[in-house]
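Chemist: Straight from TrEMBL, here's the annotation block:
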- 34-54: transmembrane segment (TRANSMEM)
- 215-236: transmembrane segment (TRANSMEM)
- 243-264: transmembrane segment (TRANSMEM)
- 284-305: transmembrane segment (TRANSMEM)
- 334-360: transmembrane segment (TRANSMEM)
- 380-411: transmembrane segment (TRANSMEM)
- 530-555: transmembrane segment (TRANSMEM)
- 561-579: transmembrane segment (TRANSMEM)
Amino acid sequence: MQCPGAQYLASAERTPRQREWRPQLYRKCTDTTWLFLFFLFWTGLMFITGYSVAAGATGRLLFGSDSFGNVCGQKNSPVEGAPLSGQDMTLKKHVFFMNSCHLEVKDVRLSSTVLCVASCPGEQLDTLEEVQLFADNNGSFLCVYSLNSINYTQNPNADSLCPRLPVPPSKSFPLFNRCVPQTPECYSLFASVLINDVDILHRILSGIMSGRDTILGLCIFALALSLAMMVTFRFITTLLVHIFIALIIVGLLFVCGVLWWLYYDYTHDLSIELDTERENMKCLLGFALVSTVIMVVLLGLIFVLRKRIKLTVELFQVINKAISSSPFLLFQPLWTFAILISFWVFWMAVLLSLGTAGAARVIEGGQVEYQPLVGIRYMWWYHLIGLIWTSEFILACQHIMVAGALVTCYFNRNKNDPPDRPILWSLSILFRYHQGTAIKGSFLITVTRIPRTILMYISSALEGKQRGPWSRCVCRHCFCCSWCLGICLRQFNQNAYTTTAINGTDFCTSAQGALQLLSKKSSHLTSVQCFGDFIIFLGKVLVVCFTVFGGLMAFNYNRALQVWAIPLLLVAFFAYFVAQSFLSVFETVLDALFLCFAVDLETNDGSSEKPYFMDQEFLSFVKRINRVNAVRAQGAEHASRNEEGAELQPVV
């Protein structure tokens with residue numbers, strides 16, 4: 001089947017001789033079975049979405065709820081058998097614990113009755129008369145809803161229906177709008193039970209919610225840094241490369257030093273009592289160790305590869321010329337970024353709904369508790385697989401589209417007359433023929449990431465329990481191996497996607513052809529390509545370093561009631577993702593350009609009958625690389641001969 005739009009065909013030959021590589025000549029639908037499987041998988045995701053909407057109650061998790069099944073700050077539906085449920089809590093947005101100074105956990109439930117109130121008591125209330133006066137003046141009723149405020153001092157059961165005296169002064173904190181006591185004794189007891197015993201998901205979400213403004217600001221900062229890096233790579237010069245590497249070195253040293261300083265500050269802080277602070281300290285130690293290892297490795301690589309800076313500048317000039325034939329490629333990451341963010345927001349909304357899906361059960365005193373429904377945990381894992389697979393599919397589509405646009409321009413005989421709208425052409429080819437290939441490749445990445453996720457889950461579940469050194473070593477070794485396998489497989493997939501864009505073959509055929517072709521490529525060209533990828537990776541590291549530094553300075557001011565290490569990790573991940581989205585265009589063009597060059601050498605010989613597709617600038621760059629390496633080889637050979645000719649003379 002010949003691809004529509006003959007003006008884009010790489011050769012005018014109607015019946016070329018049979019050969020393995022036929023750039024841009026034939027197209028067919030590839031890996032259609034995987035497209036059908038992906039459709040079935042998303043059918044399951046839609047079922048989970050509908051189920052979470054019907055059975056979930058995200059408001060209970062985000063805004064808090066009382067002991068009678070009412071969500072604070074909302075109108076509620078009544079629960080059968082619970083007379084105090086179904087109340088309008090629109091004006092009562094705060095969660096108040098009637099026994100905040102003596103909280104206990106019995107049978108995975110708090111012993112204190114929880115109410116929704118209009119405001120938290122800012123001053124200590126020593127008597128029921130003061131509680132009644134506070135209710136009359138502020139409209140915030142601190143006793144059970146069934147007791148009218150005028151009966152606070154008259155009802156004989158007021159001691160059990162009203163908060164335990166004295167009521168400590170409290171302040172609303174963005175920890176699900178809870179009224180947190182402010183006296184040191186009550187604060188310590190309240191936090192040790194409520195924060196230390198709360199579910200880890202609640203703790204993480206509380207940290208995210210309390211630092212949401214900071215997180216948003218850091219994400220915008222990471223986005224601005226990524227745009228600046230993209231402009232730097234677009235107009236790169238030798239001076240810019242030196243400034244860029246200097247900034248990376250300073251950033252690595254600075255972030256590593258700040259992490260170790262903060263860890264030292266935490267270890268010598270005698271006021272650390274809560275698990276949140278201990279978790280922050282442990283995460284700081286992990287961040288410091290990882291950043292130190294990364295710093296040492298990257299600084300060593302920069303020192304070893306420092307002599308290739310000039311060739312790297314020339315390489316990026318070649319890449320920028322290739323991008324200039326399709327300048328809108330630089331804006332393509334914006335679409336990928338917007339699609340991924342939209343999908344992640346949808347995924348998080350479904351996750352929150354699943355986390356609150358439960359059946360209401362009335363217990364003693366007319367109180368309501370929610371029991372998780374059967375099969376929810378299996379839905380969580382299915383939902384997690386959907387996150388990884390779909391995200392990788394979107395990134396695979398981006399790679400195929402960018403590589404397809406470059407391939408269209410590269411395999412064009414008339415360089416003075418570039419093809420019209422190569423990006424739209426590549427996008428149409430992707431959706432008409434190669435969605436199955438993107439799905440299959442993204443599934444392979446998903447398969448390698450699932451065991452890593454399971455290992456992380458098992459490690460966190462066993463944290464705090466007695467484990468032998470062998471079990472910890474095996475767990476870390478398996479995690480490291482799966483991580484390395486994922487990196488290798490990602491590069492393997494990218495070569496397969498580019499080959500599919502060139503040859504129109506399925507995933508396995510493309511991967512096999514790319515491996516065979518790249519094995520014949522000169523090692524000198526491979527080293528230059530790898531150094532170019534390394535420079536792009538350093539750009540991502542620079543974005544992450546400065547974003548994490550800003551996060552360290554911002555989050556360190558709120559140590560106690562939020563696990564800020566998790567939001568900081570989230571910000572670091574987001575910064576790397578944004579940098580990856582914007583700088584991946586240069587990475588994809590670089591890898592695709594060298595693969596197209598290898599295909600060009602495989603199918604042509606530079607004669608008048610079979611001229612090369614590459615332009616003169618790229619050909620001159622390759623020749624310069626060969627000359628430089630030839631000079632180095634001659635120098636090494638000359639030095640080895642001198643060493644062989646130097647014989648020891650007898651001492652007279």
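Each Cβ is built from the backbone N, Cα and C atoms, and glycine gets one as well.
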Chemist: Cβ under 8 Å, sequence separation of at least 6 from the ends of the transmembrane segment (334-360): give me the contacting residues as numbers and ranges.
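Modeler: Apart from its flanks, the transmembrane segment (334-360) reaches 48-49, 51-53, 55-62, 69, 79, 82, 201, 368-373, 376, 379-380, 383, 386-387, 390-391, 394-395, 398, 577-578, 581-582.
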Chemist: Hey, does the transmembrane segment (34-54) touch the transmembrane segment (380-411), meaning at least 3 C-beta pairs closer than 8 angstroms, sequence gap 6 or more?
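Modeler: Yes, the stretches contact each other.
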Chemist: Report the listed stretch (34-54, 243-264, 530-555) having the maximum count of Cβ pairs within less than 8 Å of the transmembrane segment (284-305).
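Modeler: Stretch with the highest Cβ contact count: 243-264.
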Chemist: By a Cβ-Cβ criterion of under 8 Å, what residues six or more beyond either terminus of the transmembrane segment (243-264) are in contact with it?
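Modeler: Hits for the transmembrane segment (243-264): 232, 281, 284-285, 287-288, 291-292, 294-295, 298-299, 302, 309, 538-539, 541-542, 545-546, 548-549, 552, 556.
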